[in-house]
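Novice: According to TrEMBL, the protein has these features:
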| type | residues | note |
| --- | --- | --- |
| DOMAIN | 39-484 | domain 'Major facilitator superfamily (MFS) profile' |
| TRANSMEM | 39-61 | transmembrane segment |
| TRANSMEM | 81-101 | transmembrane segment |
| TRANSMEM | 113-133 | transmembrane segment |
| TRANSMEM | 139-156 | transmembrane segment |
| TRANSMEM | 168-188 | transmembrane segment |
| TRANSMEM | 194-214 | transmembrane segment |
| TRANSMEM | 297-319 | transmembrane segment |
| TRANSMEM | 331-353 | transmembrane segment |
| TRANSMEM | 360-383 | transmembrane segment |
| TRANSMEM | 395-416 | transmembrane segment |
| TRANSMEM | 428-448 | transmembrane segment |
| TRANSMEM | 460-480 | transmembrane segment |
Amino acid sequence: MEIRENSEQHKDDAFREIIASCRSLSKYETNIKSALPQILSAIVAASFHIVIGISLAYSAILIPQLELPDSDIPITKGQSSWIASIIVIMVPIGSLVAGVMMEFLGRLNTIKLAAIPCVAGWVSIALANSFTWIMVGRVLTGFACALGTSPAIVYITEVARPDMRGSLISSGPTLASLGMVIAYAKGAFMHWRLVSWICIIYTVVPVLLIQLFVPESPVWLVSKGRIEDAARSLRFLYKKYPQPEHTDQPLSEMHLNALLKERETKIAEAQKNVNRHGVQHSKLRGFLKPTGYKPMIVLFWFFLIQQFSGIYITLFFAVTFIQDVGTEVNAFTASIFVGLTRFTMSLLNAWLLKRFARRHLVMVSTTGMAICMFVSGLFTLWIKEGTTTLTWIPVVGLLLYVCSSMIGLLTIPWTMTAELFPTDIRGIAHSISYSMANLLMFFAVQSYRTITDLLGGAYAVQWMFAVVSVIGFFFALFFLPETQGKSLAEIEAYFAGKAQPQRAPPAERTAKPSVTEHLIRSPSREAKLKEVELMLKNKNGA
């Protein structure tokens, strides 16, 4: 029995290696030109994040306008908290729905469907004549945010090569930051109703771009048995890669033939499993394994620290937060600079994720956040006591705090929701972890006004953010796993407690190519399948 289980494990390992080759045919070619189709597909798939960023930041410009004495829809402080946070509480529901939809309908079709509730939400807000209709609009846009976010991150994870995966995943938060800049800028000069109408454009355009230019994930297509569609998708994603010499068959088809050969037994076994226990039972077993529950525990604490370090509280209440510190700087103008800072640092973050280790970035990020919030809180207290006239320092502290957060603590937890889980549960696991993060975000945003009153003012809240940031430093130091530069198989092996495969030196890799490299360099159409079968057999028997 043990020998049989080991044999099956070897088959699984070999199978995962070929699956990974569909996502990362980059063992021999790593220049940017070859990856252009992947980069463009990832950015277009993530372009829906622009309207997501607008939706998140919209409360920051809506609430101050509704709280004006001449507002046509007057609101209370309690209602303002619900306007800011209700969009977050809808995300877990939408994310769970997205997890199911992306498995059955595909990653990109789920993003397209997200436009329907999003447009309906913006129309509801634009035509609102009461607090209730504003809430309806926020609920719909929040639901749409989840439908559009999870599939995009999973899609990028499946089409991006390992050395660019983190940077391309970060394109989502970068575009969301751009959306925040758009929201803050329009809110400073336009009425909130007009901003709502304009947001419909930002919702529809990404869907059109996805429909016209982006192929579906080949990994998902293969899992559904749509081999020809997967071949077309792979040809597009890897069309810039140099084809092997003396090979009369396209690279993608070579991979798919080998993949299909290896999957025949697995498909039959999977069908038996579905007939006996159902898909849900199979997925549940994936979460009961160390590769399922360990990443979930890590992400829970990571997101808890992220949310109560104030990153999203200062986003949803940007204008109000700046007003609370007592600065003489115009709060709407300052909010635009907050958005610009986020966007600029998002662009830099793509390079940081490619260049530096995740844990080191988080430690640098939390250190900077703690220092900025402590100094900002100190000057906020002095402004309240009337002992200083340097009212601009808390604003500068907030901007530097935003810079620090973008280095690691804001972006890396979201990146890891797709990286840490194995292929068989990645779609659902990403949605669950994403839902969990947004539940924590809801409690953090909803409690902002209450925490301010309990602690005695804005200065104490900023010091609380500093303390939580320090906790984040030690969490990264002792508990956070490193994923930078690691393949998805290596990350899975880490949580499974297995010895990670050693990377052979370049000379050895040239002399003894891996299955992926062999598929790429296979010299003839007739010989390649037999050779691949032999390599897999040798690998399984090793």
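Heads up, the Cβ atoms here are built off N, Cα and C, so glycines get one too.
Unlike curated records, TrEMBL annotations are generated automatically.
Help me picture these features in the structure, burial and contacts included.
Specialist: Listed as Cβ neighbours of the transmembrane segment (39-61) (distance under 8 Å, sequence separation of 6 or more from its ends, same chain) are residues 32, 83-84, 87, 107-108, 111, 114-115, 118, 121, 138, 141-142, 144-145, 148-149, 152, 155-156, 159-160, 164, 168, 171-184, 186-188, 192, 195, 199, 202-203, 205-207, 209-210, 213-215, 236-237, 312, 315-320, 332, 335, 339.
Through the fold, the transmembrane segment (194-214) approaches residues 40-41, 44-45, 47-48, 50-51, 54-55, 58, 61, 108, 111-112, 115, 118-119, 122-123, 125-126, 137, 144, 179, 182-183, 186-187 of its own chain, all at least 6 residues removed from its boundaries and within a Cβ separation under 8 Å.
Long-range contacts of the transmembrane segment (297-319) within the same chain: residues 56-57, 59-61, 63-64, 84-85, 180, 184, 187, 331-332, 335, 338-339, 366, 369, 373, 398, 401-402, 405, 409-410, 413, 416-417, 420, 433, 436-437, 440-441, 443-445, 448, 461-462, 464-465, 468-469, 471-472, 475, 479-481, each at least 6 residues beyond the stretch ends and with a Cβ under 8 Å from a Cβ of the stretch.
Packing against the transmembrane segment (331-353) from elsewhere in the chain are residues 57, 60-61, 64, 166-171, 173-174, 176-178, 180-185, 187-188, 314, 318-320, 322-323, 361, 395, 398-399, 402-403, 406-408, 411-412, 415, 484: each is 6 or more residues past its ends and has a CB under 8 Å from a CB in it.
If you look at the transmembrane segment (460-480), the same-chain residues 6 or more away from its ends with a CB under 8 A from one of its CBs are 298, 301-302, 305-306, 308-310, 325, 358-359, 362-363, 365-367, 369-371, 373-374, 376-377, 380, 401, 408-409, 448, 451-452.
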Novice: Considering every residue in the domain 'Major facilitator superfamily (MFS) profile' (39-484), what is the mean pLDDT value?
Specialist: 82
Novice: Is the count of Cβ pairs under 8 Å between the transmembrane segment (360-383) and the transmembrane segment (168-188), pairs 6 or more apart in sequence, 3 or more?
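Specialist: Counting Cβ pairs under 8 Å (6 or more apart in sequence), the transmembrane segment (360-383) does not reach the transmembrane segment (168-188), since there are fewer than 3.
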